[in-house]
Amino acid sequence: MNITVIGTGYVGLVSGVCYAELGNQVICVDKDPRKIAMLNAGGIPIYEPGLQELAAANREAGKLSFTGDLPSAVRQSDIIIIAVGTPPLPNGEANLAFIDQVALEIAEAMNGYKIIAVKSTVPVGTNERLAKLIRSKSDKVFDSISLPEFLREGSAIGDTLHPDRIIVGAECQRAADTMTELHKPLTEHIVVTDIRSAEMIKYASNAFLATKISFINEIANICEKVGADVTKVAEGMGYDKRIGPSFLKAGIGYGGSCFPKDTSALIQIAGHVDYEFKLLRSVVEVNQGQRFNVIRKLENIFDGKLEGKTVAVWGLAFKPNTDDVRDSPALEIIQHLVDNGVKVKAYDPIAMESFQALFGKEGVEWCHGALETARDADALCLLTEWDEFAKVDLLQLQNVLRQPILIDGRNVFNEEHLLGTDFIYYSVGRPNLNQGVKQQMPVLQF
Ligand code: UDX
């Protein structure tokens, strides 16, 4: 099939490359000439394992090209996939300005029947509004499709080529059949539904996953008080098929470009139809509080006196295997430390530049390796579970730190690792360790 994908962000670029990999003829369009120049030179504007190689192979095979010329791409394609950003407005609603703009440009360029699919996450009703907008500018026949995307950064190619399901929201059988045909090689689970339900599936899925994370984080907070171990609790819960083991890792809360944005947007969507989504409001609130537990633990250790201390931070990305720092808990944690007179040393294997672009370069000592970051620090906070950190020799780490204090925000280490060390170790939802020994269980009075 001939496909144009508009927007070469995470979703657009990965989808475009994967559609080409499936044997389709794909043109990726972006209005940013620097991105297009970079892509045409064989570069990739984002960090995503395996993407560069897959893009290169498909370009060489003549199945994939990049251009800034939207009208020409639209004219050459039967299927147009919109994958531009819908960043949050200050009130949490999705900003649809880019989508509207693209819809108008498509309308002007259409030269015959097209399927116009929206992959960007958009509020319920947006596809219908776009269809109206296009119809007001063009008399050409087209079908509107909602095609929500579920890929995760860091495993985007695998998620796209082996999805759990494909959702096709369509009002017309012909377009639904074409989209089913296009995605058939990927999965047998293709859910064809109406457009509004498809739009809702995306928000409901992300909100549910965010709920799972906040739920296990609250269980972790209770575990800390009753002396239980949340990793075992999650394991025990996860074997129940109705619950499932994934998204039950306690930590410092979720970040990234989707969960924070989509949970706020769904609260707004509900609000517009006079429904207060109380559960989701709590999920967001719990998530916000969770990142500050790292600070609370530091304050606890230093009797509330953080000023003048040196704190090392391992990990800036919102999760490993990505350079994305959007809504990363590290942003607020480091800002809070800096604001309270703490000298922060920070390091991330991949996300240093993107973090500095958002946070600024001032106020933090930027380091180049895990041990260098920890050197002469009064405490170390692990905020992203990169493999590199799990592999560090803990005896060496203990020797470079001024005080062997480790706050593990992602439960990377365990008792076994710490055996024979002097670490004072705080993790999330597990008993604290002092010199490798579990601290006394709290006395429970019921
Ligand atoms: C998410 C959805 O998973 C994906 O389907 C959607 O298309 C986009 O949003 P992504 O933001 O790339 O993907 O990351 P994901 O791997 O889902 O992690 C999101 C956040 O949740 C991260 O900050 C991660 O650290 C956190 N998380 C995840 C937990 O704290 N615990 C878990 O058990 C899982």
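Backbone N, Cα and C define each Cβ position, glycine as well.
Using a 10 Å radius centred on the Cβ of Glu153 (NAD(+) binding site) and all shown protein chains, the other Cβ atoms total 25. The feature NAD(+) binding site is assigned by TrEMBL to Asp30, Lys35, Thr86, Thr121, Glu153, Lys261, Arg326.
Counting every protein chain shown, the number of other Cβ atoms lying within 10 Å of the Cβ of Leu248 (substrate binding site) is 21. Look at TrEMBL and you will find Phe150, Leu151, Arg152, Glu153, Lys202, Phe247, Leu248, Lys249, Ala250, Gly251, Gly255, Lys319 tagged as substrate binding site.
The number of other CB atoms found within 10 A of the CB of Cys258 (active site, nucleophile), across every protein chain shown, is 24. TrEMBL lists Cys258 with the feature active site, nucleophile.
Here the domain 'UDP-glucose/GDP-mannose dehydrogenase C-terminal' (312-415) returns a mean pLDDT of 97 for the predicted model. For 312-415, the entry in TrEMBL reads domain 'UDP-glucose/GDP-mannose dehydrogenase C-terminal'.
Taking a Cβ cut-off of under 6 Å from any atom of ligand 1, the binding-site residues Asp30, Thr86, Arg152, Glu153, Lys202, Ala250 reduce to Arg152, Glu153. Comparing the Cα of Asp30 (NAD(+) binding site) with the Cα of every entry in Lys202, Leu248, Gly255, Cys258, these being the recorded positions, the smallest distance points to Cys258. Taking all protein chains in view, 23 other C-beta atoms sit within 10 angstroms of the C-beta of Asp30 (NAD(+) binding site). Note on the domain 'UDP-glucose/GDP-mannose dehydrogenase C-terminal' (312-415): DSSP counts are 36 helix, 19 strand, 49 coil.
Rounded to a whole value, the Cα-Cα separation of Gly255 (substrate binding site) and Arg326 (NAD(+) binding site) is 7 Å.
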